[in-house]
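Pulled these from TrEMBL:
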SIGNAL    1-26  signal peptide
TRANSMEM  51-71  transmembrane segment
TRANSMEM  83-104  transmembrane segment
TRANSMEM  124-149  transmembrane segment
TRANSMEM  195-214  transmembrane segment
TRANSMEM  220-239  transmembrane segment
TRANSMEM  251-273  transmembrane segment
TRANSMEM  293-313  transmembrane segment
TRANSMEM  325-344  transmembrane segment
Amino acid sequence: MADFKLHRLLPAFLVLFVLLVPSVIAAGCQCPEEEEDGGVRNKTLALKYKIVAIATILLAGILKVFIPLLGRALPALSPDKDIFFVVKAFAAGVILATGFIHVLPDAYENLTSPKLKQNPWAKFPFTGLVSMVTAIATLMVDAGASSYFTRLNLNKAQPETDGDGEMHPACHAHGSAKVVGSSTEILRHRVISQVLELGIVVHSVIIGIGMGVSETPSTIKPLVAAITFHQLFEGMGLGGCIAQAKLRTRAAVIMAVFFCLTTPIGIAIGIGVTNSYDEDSPKALIVEGILNAASAGILIYMALVDFLAADFMSLRMQSNAKLQFFANVALILGAALMSLLAIWA
């Protein structure tokens, strides 16, 4: 079976992202030395909070992204169980709220800032444009990859024209369709998991940098808890998606570790560029705004199409009223809890 190997490109993407973002958005810091956004600055105490944040956020990511992957060893966590559908619905609510409540408003705030030139930023809704284009691009990648692997597997499953006639054509066609359908579904889950991780990674690095550059303990303290829960919920969604993709153990671990490291790496970058980073500079606003808008487009598309539509419209969900009820409750609960976190982060 052909394997979609985007996971091999993700580490390279992270390295490129880590190297380029600070250099693009760095500018002379114009913040006062004693106060920052109404809070007292304390570099030493802020650094301690950041170190605690790196440890707790890393632990939260490890816990939640790896738990769904234990389905291979623990039957109760298997993607074939009804509970997995409920957990996935909760995760879909989390991802949907992340896109709509956390990422998209940040992008809008960045790209409509009065510190940007009125032309063209105030003349056109670039936030919506970037999100829409990214969602369309995600659809094209999703559909294109699935279509490619469907044709590839269908060609492999075609009977050889050797004239032996040992199998009835209808039987062979049915068997081939079943094999191709199963292979295509697995490959599609692989595409979904990798594109979803890409969207989460961009957002995670940005919020990590935002925490890392802050030197106000009163600002950082609530962020530690909020972002930790953020990682817990997002990790649950991504871990479930990786589990359904049935990747080799090595590839699954690479993707899980990659997710766990992104926010801590973002915090480390922020600590490193604290003295040269101005989050209100035009370059920073534009780069962060475009990246956030793109991330929102990916997350919203993935939550609605690849999580909710795929599961809620499936025969298994439609024929099981009890499962449907609990999935609906989990969806609303996930969206509500993630939306509530917007008060602090």
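Each Cβ is built from the backbone N, Cα and C atoms, and glycine gets one as well.
TrEMBL annotations: computationally assigned, not manually curated.
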Might you confirm whether the transmembrane segment (251-273) is in contact with the transmembrane segment (83-104), defined here as three or more C-beta pairs under 8 A between residues 6 or more apart in sequence?
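Between the transmembrane segment (251-273) and the transmembrane segment (83-104), which are separate recorded stretches, there is no contact, as judged by 3 or more close Cβ pairs.
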Taking 220-239, 251-273, 293-313 as candidates, which has the most Cβ pairs under 8 Å with the transmembrane segment (325-344)?
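Highest pair count goes to 220-239.
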Is it the case that the transmembrane segment (251-273) and the transmembrane segment (293-313) have 3 or more CB pairs under 8 Å, with pairs at least 6 apart in sequence?
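Stretch pair does not touch.
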